[in-house]
């Protein structure tokens, strides 16, 4: 049988979802869970460092900025290398960098060393987030792609609550260093388990390596006890292999996708690192003790997996655009309500709903929608570039937030986040393209 990029893609798309797919979700999801755990622990750790006077608000800002700078490098290089040498190899490199740096962070002698190690962690974290969701999207059938990628993201977002709950016990009893140690050891264990993960057949086919792609797809077909599926597209002679460059992302047909992609990522950075990761520090500076602050943060952080669950249930039923627009508007409205509240129970409840709405945007926007926009040859470059641009913008957030907080408190911070969410909803509504249940090759054509 003659092979082409379309025939490999169509065979993958018509496979029933089975053990192979769930094993892949586990291998990718374990790494993304640890990434999210590492990101989520930052807020609790920084709050503890302030309480212990081991750090200052300004040094905490440098810690977060170091994370962003690492993200920029990790996202950019992983985007290029992921399209050039493959998804699998880059994935393992990123996890190793993150795991080793996290282990070293547990032994930091001072805040300056911890900031430097956080930069290295950021490189691994930025690359992992670029590659993970996009890689799974290349393996799963379009009819269930949104749901399965949302399930992967649900696994990752569950780390938000787990990290908060873990910090609630670990930091007061064992100290903040153990949070980094736990993440580092777990990352190296997952690195070993993930060595058997296959390369993306779509990527192999895009590079003209049709025999390797066919071998992987045939192996999956055999493991599922299904007969090899004939391609649904005419195969004929394979088309010439297209080269890819960063400049291709700004050619006609790709520019609007870049506008949407960058908007998604910038909005997410502002929501997560302009609000969510600062909540424990805000609570401490408003007079709450560190334990009380961590309790509030843990309850509200449960909104992370709830946002993932909302996406899981609705994304293949109503589409990407309606969910993104509605979730962004809901988050903006809840933010406006939040700033006017004074009752403790109501604050926690509305904060929980606010974080649920924000993480619905995170799951549908970053995990599902972003990687669907670009063709296979540009998928990692596209997602990586959007992520890198957004992270570059986000480097200013840690320095802006203390000034904004000093000027108007948490109310002004949340008001700005709400305005950003409304602007994002308008961009998705008028510029975004619906991708629900469409083959990746059809979306990018």
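Backbone N, Cα and C atoms are what each Cβ position is placed from, and that goes for glycine too.
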Annotated range (TrEMBL: transmembrane segment) out of 232-256, 382-406: 382-406
Interface-richest range of 20-41, 61-82, 258-276, 322-341, 382-406 toward the transmembrane segment (148-170), CB pairs under 8 Å: 20-41
Region pair the transmembrane segment (61-82) / the transmembrane segment (322-341), three or more CB pairs under 8 Å: no
Residues from the same chain, set at least six apart from the ends of the transmembrane segment (347-370), whose C-beta lies under 8 A from its own: 129, 133-134, 137, 145-146, 149-150, 152-154, 156-157, 160, 261, 264-265, 267-268, 271-272, 275-276, 279, 296, 299-308, 310-311, 315, 320, 323-324, 327-328, 330-331, 334-335, 337-338, 341, 382-383, 386, 421, 424, 432, 435
The transmembrane segment (113-136) in contact with the transmembrane segment (296-315), cutoff 8 A, at least 3 CB pairs, sep 6+: no
Criterion met for the transmembrane segment (322-341) and the transmembrane segment (89-107) (at least three Cβ pairs under 8 Å): no
